[in-house]
Amino acid sequence: MGNVCVGGSRMSHQVYSPDRADTPPRSERNTPDRRQRAAGDAERTQSMRLQQKINDLKPYVRHARGPIKAYGQAALDRASGKKTSVSFAELDATHLDAMVYIENQRNPGLNLKHFRDHKELIQALQSDGPSAFRAIFPQTCPETGQTLKHHVMADVRLHQGGAPTIIITEPAVIVGARYQQLQRHNLTLEDLSESGVPLSQVAIIETQAQKTSDDCVMYSLNYAIKAHKNAAQFDDIHHGLQHGTLSTESESRARTTLGALEASSSYSVMHEGAHAAFGADVLPVDFYKHGASLTQAKQLMKRPDGRMAGRVNSEGHSEAENLVQRNQAFRVKRRELLDDETPSNTQFSASIDGFRLQEIKRVLAEEQR
């Protein structure tokens with residue numbers, strides 16, 4: 001479950017060059033092998049739904065200029081199954097401010113902020129502002145203080161005369177390979193505690209939805225939108241945190257990677273007082289709309305309580321769509337780097353790629369009005 005975008009600095013911006021990435025050596029151009037590989041690329045995009053999103057974005061990218069054009073082309077290439085050599089965690093973060101602006105315009109009251117690190121989040125807790133807001137920020141390496149690629153989302157409530165309550169949604173796992181993720185979450189918790197926030201009023205929710213290596217920014221953006229749309233349910237969670245409790249934690253914590261580690265440890269591995277839970281136990285079903293794994297979607301829908309069996313698309317659609325149907329509609333076969341960083345042919349839902357294409361389209365549509 002070490003499938004998180006780690007290492008490197010968020011501040012080092014990558015420039016995607018589709019010409020450089022896709023142009024073969026002269027000796028390979030227009031050869032049968034080249035044509036066969038091109039046909040193979042086309043076959044990898046097997047989802048008609050994803051192809052529609054690709055087609056919707058193409059005309060906007062065609063008329064775009066500058067870095068956003070390169071970003072859009074990179075997203076199109078990835079969604080089409082072409083090989084790209086860039087980190088989308090970095091590309092997404094570079095263009096996140098534009099997406100945050102668009103989503104704040106589309107969703108009054110979202111109050112979404114993009115912070116450079118968790119320390120900016122702490123500063124926002126101590127300043128005048130809306131009583132409810134969401135924030136996306138990269139994690140920080142405890143050893144070097146360097147911001148990393150992996151991003152998370154925090155849903156925040158400020159309480160008059162009391163300490164804030166914070167729900168951090170982790171799109172992948174809390175622990176991670178060699179406990180690196182856990183150490184970074186612990187750094188955030190430590191700094192929150194030193195700033196005066198009781199850790200009994202902080203929860204980390206692990207969804208395990210992110211299986212690809214670098215889609216954390218898109219998951220975090222989607223989670224912020226979903227948290228706002230399900231604000232009443234989040235209000236209930238915040239109300240419990242005000243009293244130092246998180247419902248179902250006694251059973252749910254064991255279903256997280258943190259709980260699995262704690263079961264084999266004789267000491268506390270996360271800062272004492274902070275809460276942890278598995279996303280499917282506390283979050284609405286639409287938080288798993290873009291989950292990559294069909295196995296996970298099927299397992300969630302088999303829950304006895306039925307809380308993950310509902311629709312994940314909006315009421316505006318004529319037909320309801322559940323987790324498995326969504327996953328199958330965006331399922332593609334593509335060569336990806338998996339957790340062990342070895343190439344493998346695999347099938348998964350590229351729904352999160354579709355979300356990225358949609359967000360880029362919204363940014364470009366605003367620019368080209």
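Quick reminder: no glycine exception, Cβ is built from N, Cα and C everywhere.
Summarising the annotation, Swiss-Prot assigns region 'Disordered' to 1-46.
Marked as 1D-myo-inositol hexakisphosphate binding site by Swiss-Prot: Arg49, Lys53, Arg106, Asn222, 226-229, 289-290, 314-317, Arg326, Gln358, Arg362. The Cβ of Lys289 (N6-acetyllysine) lies under 8 Å from the Cβ of Asn222, Val312, Asn313, Leu323, Arg326, Ser351, each of which sits 6+ residues away along the same chain.
For the recorded site, His150 (active site), the DSSP three-state label reads strand. The active site annotation in Swiss-Prot covers His150 (among others).
Its own atom aside, the Cβ of Glu170 (active site) has 32 Cβ atoms within 10 angstroms in the protein chains shown. Residues or ranges marked as active site in Swiss-Prot (evidence: experimental evidence): Glu170 (among others).
Within 10 Å of the C-beta atom of Cys216 (active site) sit 31 other C-beta atoms, taking all shown protein chains into account. Per Swiss-Prot, the feature active site maps to Cys216 (among others); the stated evidence is experimental evidence.
Mapped onto three states, the DSSP output places Lys289 (N6-acetyllysine) in coil. According to Swiss-Prot, the feature N6-acetyllysine maps to Lys289.
For the pair Gln358 (1D-myo-inositol hexakisphosphate binding site) and His150 (active site), the Cα-Cα distance reads 21 Å. In this structure, Glu170 (active site) is part of a beta strand by DSSP. Within the set of recorded positions (Arg49, His150, His228, His290), the lowest number of other Cβ atoms found within 10 Å of a Cβ is recorded at Arg49. Comparing Glu170 (active site) with Cys216 (active site), their Cα atoms are 9 Å apart once rounded. For the pair Cys216 (active site) and His228 (1D-myo-inositol hexakisphosphate binding site), the Cα-Cα distance reads 18 Å. Cα spacing between Arg49 (1D-myo-inositol hexakisphosphate binding site) and His150 (active site): 28 Å, rounded to the nearest whole number.
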